[in-house]
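Worksheet for the structure shown next.
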């Protein structure tokens with residue numbers, strides 16, 4: 001198993017704390033509504049569905065408070081910057097923000113289902129009591145406060161002639177209307193967040209996610225009508241439950257048992273969510289302010305395999321390696337923002353991104369930049385671009401290790417372009433304070449053309465390290481995962497040439513996929529008693545493989561080899 005705690009210990013601790021708080025809130029509120037004297041008569045009317053509705057409501061408040069925080073990108077970047085003195089293992093938790101966001105969303109979905117189903121039973125019990133087909137106790141409780149301005153218990157205020165009137169009661173009350181609206185919003189948000197829709201129909205995902213505005217407004221006013229009611233404190237003092245609970249016929253007739261009075265709980269949800277909503281509002285204001293700052297496209301480069309490079313300048317823009325930005329092109333869409341990893345280095349006087357053309361928005365940007373035309377495009381014809389960021393990622397920590405493994409799959413190589421460029425600049429400037437001593441770089445790609453735009457950078461690094469007698473600083477392995485028979489024959493013919501036929505590098509391209517178990521064991525033997533950073537930008541399947549290898553090849557004890565796995569998430 002290796003040292004599992006090295007990679008996952010803190011993450012599991014955070015998750016257990018979160019789950020523990022959910023369990024605590026559920027049990028605590030369940031006991032209040034299932035055992036508390038305040039809700040004794042409410043339980044007589046509604047049964048166990050009362051507690052089963054209110055306990056998940058408390059958990060919903062808690063999780064709806066949390067759901068916005070992981071997507072406050074500027075807040076996370078601030079925390080990452082302010083925690084620079086902390087352990088990389090602590091900062092890694094910030095890089096799992098989207099994973100936590102999804103977990104909280106599923107928890108909200110679970111408690112919404114329980115809350116909704118329980119309240120459907122509550123509506124039925126209330127309506128049955130008003131219709132007169134319930135037990136006499138429930139009917140008597142429902143008759144309390146039938147007149148105006150009296151302190152009633154049953155929210156179904158008028159006697160219903162139609163026994164099927166439950167639906168009517170539900171959809172004519174504020175709680176019912178808002179409950180239906182926010183549940184529909186939640187269903188649309190979750191169903192449009194599947195991997196297939198995010199990748200193939202990002203616009204659908206983006207627009208439906210903004211239903212969260214309606215969701216939170218509905219959530220804030222959901223309890224304003226106070227339909228879940230309990231006995232007032234004054235009534236509990238006057239109306240002794242031990243004496244009066246079984247003497248319903250004598251209520252109001254004997255001094256010891258006055259008619260009980262009821263009141264609804266004041267709305268609480270807004271108190272839970274007002275703080276995160278304010279933070280998120282500030283987040284959006286910062287994003288809007290940044291989006292209004294002028295961005296100049298200085299160069300557009302068309303690379304093979306339908307990839308374009310945008311080089312841009314923006315006043316006051318400062319970046320670190322591996323960071324990402326959000327880009328909006330009003331000519332393509334006035335509302336949509338899309339994330340892209342920065343491929344430039346902090347030492348350069350511009351910032352750049354590489355964009356693979358795979359969807360409607362990227363196709364629109366490709367055409368707006370004139371990349372679909374053969375002739376040269378004048379700078380004044382280039383579209384206006386808005387940029388929000390940069391935002392921090394796990395790759396910022398790459399210089400915190402002496403040894404790192406960088407693994408990129410396809411276009412996922414982009415964050416490592418920034419890192420390798422920065423390394424090259426640091427060596428050009430004779431940087432002596434560089435902690436990083438060894439880079440193992442792996443690039444997996446299925447098409448030969450995809451290597452072309454990155455080969456120049458690797459050649460520069462290869463030459464630079466040889467000139468400085470430090471050729472061992474960078475070990476890179478490029479894997480071609482897709483080829484046909486004619487390509488294989490061509491590669492075989494040119495195998496003995498000094499430079500690789502695909503990349504033009506001295507290091508030959510490998511075919512197939514790495515044997516990760518061998519790679520990790522070899523690196524572990526080369527660097528005993530070392531903490532090694534493993535950085536991935538690639539698919540989930542590869543992330544799972546590398547995470548398992550990092551755990552299984554890490555040794556127990558503080559002086560052993562430790563592989564710390566990091567994955568890009570945005």
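Cβ from N, Cα, C; glycine included.
Membrane topology per Swiss-Prot: residue 8 and residue 246 sit on opposite sides, carrying different topological domain names. According to Swiss-Prot, the listed position annotated as ubiquitin cross-link out of 253, 318, 334, 373 is 334. 381 is the residue among 102, 381, 421, 438 that Swiss-Prot labels ubiquitin cross-link.
Looking up 44, 299, 435 in Swiss-Prot for ubiquitin cross-link, the annotated residue turns out to be 299.
Swiss-Prot lists transmembrane segment for one of the ranges 96-130, 446-480, namely 96-130.
Record note: among 232-249, 268-285, 340-357, 268-285 is the stretch given as transmembrane segment by Swiss-Prot.
Residues 10-36 are the range that Swiss-Prot records as transmembrane segment, among 10-36, 388-414. Across the recorded positions listed here (199, 328, 381), the residue whose Cβ sits among the most other Cβ atoms within 10 Å is 328. Put simply, 199 is the one of the recorded positions 199, 294, 381 whose Cα lies nearest to the Cα of residue 255 (ubiquitin cross-link). When each of 10-36, 96-130, 204-222 is scored by its Cβ pairs under 8 Å to the transmembrane segment (47-72), the top-ranked stretch turns out to be 96-130. Looking only at the recorded positions 40, 334, 411, the one with its C-alpha closest to residue 361 (FAD binding site) is 334.
With respect to their backbone Cα atoms, residue 446 (NADPH binding site) and residue 306 (ubiquitin cross-link) stand 14 Å from each other. Secondary structure from DSSP puts residue 567 (ubiquitin cross-link) in a beta strand.
Ranked by how many other Cβ atoms sit within 10 Å of their Cβ, the binding-site residues 337, 361 place 337 at the bottom. Rounded to a whole number, the distance between the Cα atoms of residue 328 (ubiquitin cross-link) and residue 339 (FAD binding site) is 9 Å.
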